[in-house]
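**Q** Dumping the structure here so I can ask a few things about it.
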Amino acid sequence: MLQKASDTPPKAENVLVLVRHGQSEWNRLNMFTGWKDVGLSEEGMAEAHGAGARLKEEGLHFDSAFASTLKRAHNTLDIILEELGQDKLPIIKAAALNERDYGQLVGINKEEARKRFGAEQVHIWQRSYDIAPPGGESLKDTAARVCPFYDRWIVPELQEGKNVIVVAHGNSLRSLIMELDKLTPEEVKDYSLATAVPVIYRINADGSVAEKRDLAA
Ligand SMILES: O=C(O)[C@H](O)COP(=O)(O)O
């Protein structure tokens, strides 16, 4: 989706890149992960190198880097920064960016969960806006920590003309993208992020989206 939100051309520097971490060991095993701190798989590391290489091709250079406190996210960011020749850039790690808590589903194979609870119910837990999995967070709950963090710590960086990269998770980033793209709860049900594929935004000085480019598209 391309959004034109201002007549004033955005400064070229106001770039926000969002990246879901590379494949984790539990993604590889198709298990609900949530807050479980699992590492990247071999393939996930390779995907992270690929994401860094694509950002390098785009000619991007970052002034600030944010990740969740979960190692699959900040290890992905380490690899991306290494590819960009920016491994000295400090990474700000924030629990507010962590994956949605999948509660009692954590550690269960997704196919097994569909057999146990029914595919429709599992899909509702995975993709609905305000229905939480048992003992876990809904996307709305996740947005309630991700979006205030974004407003408080990331928007001011963008407003100073900095380029910012954020590496986080499928659902924590969905909640932010829902806000940036003004998606409805119905629209967000069909939205998901591939591992380690950068989404590049240009953000206006007022925080609105000037342009969005998903490198997966
Ligand atoms: O926590 C997880 O299991 C994954 O990171 C995201 O899972 P989902 O794509 O099933 O929401």
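Here the Cβ of each residue, glycine as well, is placed from N, Cα and C on the backbone.
Pulled the feature table from TrEMBL, pasting it below:
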BINDING   20-27, 33-34, Arg72, 99-102, Lys110, 170-171  substrate binding site
ACT_SITE  His21  active site, tele-phosphohistidine intermediate
ACT_SITE  Glu99  active site, proton donor/acceptor
SITE      His169  site 'Transition state stabilizer'
**Q** Taking each of the recorded positions Arg20, His21, Arg100, Lys110, His169 in turn and counting other Cβ atoms within 10 Å of its Cβ, which one has the fewest?
**A** Lys110
**Q** Let me check the 10 A CB neighbour count of Trp26 (substrate binding site). How many other CB atoms are there?
**A** 19
**Q** Of the recorded positions Arg20, Gln23, Trp26, Lys110, His169, which sits closest to Glu99 (active site, proton donor/acceptor) by Cα distance?
**A** His169
**Q** For the recorded positions Gly34, Glu99, Arg100, which residues place their CB under 6 A from an atom of ligand 1?
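**A** Close enough to ligand 1 are Gly34, Glu99.
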**Q** Can you tell which of the recorded positions (Gly34, Glu99) has the fewest other C-beta atoms within 10 angstroms of its C-beta?
**A** Gly34
**Q** Cα of Lys110 (substrate binding site) to Cα of His169 (site 'Transition state stabilizer'): how many Å, rounded?
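**A** Cα to Cα, Lys110 (substrate binding site) and His169 (site 'Transition state stabilizer') are separated by 17 Å.
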**Q** What whole-number Å value do you get for the CA-CA distance of Gln23 (substrate binding site) and His169 (site 'Transition state stabilizer')?
**A** 11
**Q** For His169 (site 'Transition state stabilizer'), which of the listed binding-site residues (Arg20, Trp26, Gly34, Arg100) have their CA atom within 10 A of its CA?
**A** Arg20, Gly34, Arg100
**Q** From the Cα of His21 (active site, tele-phosphohistidine intermediate) across to the Cα of Arg100 (substrate binding site), what is the distance in angstrom?
**A** 14
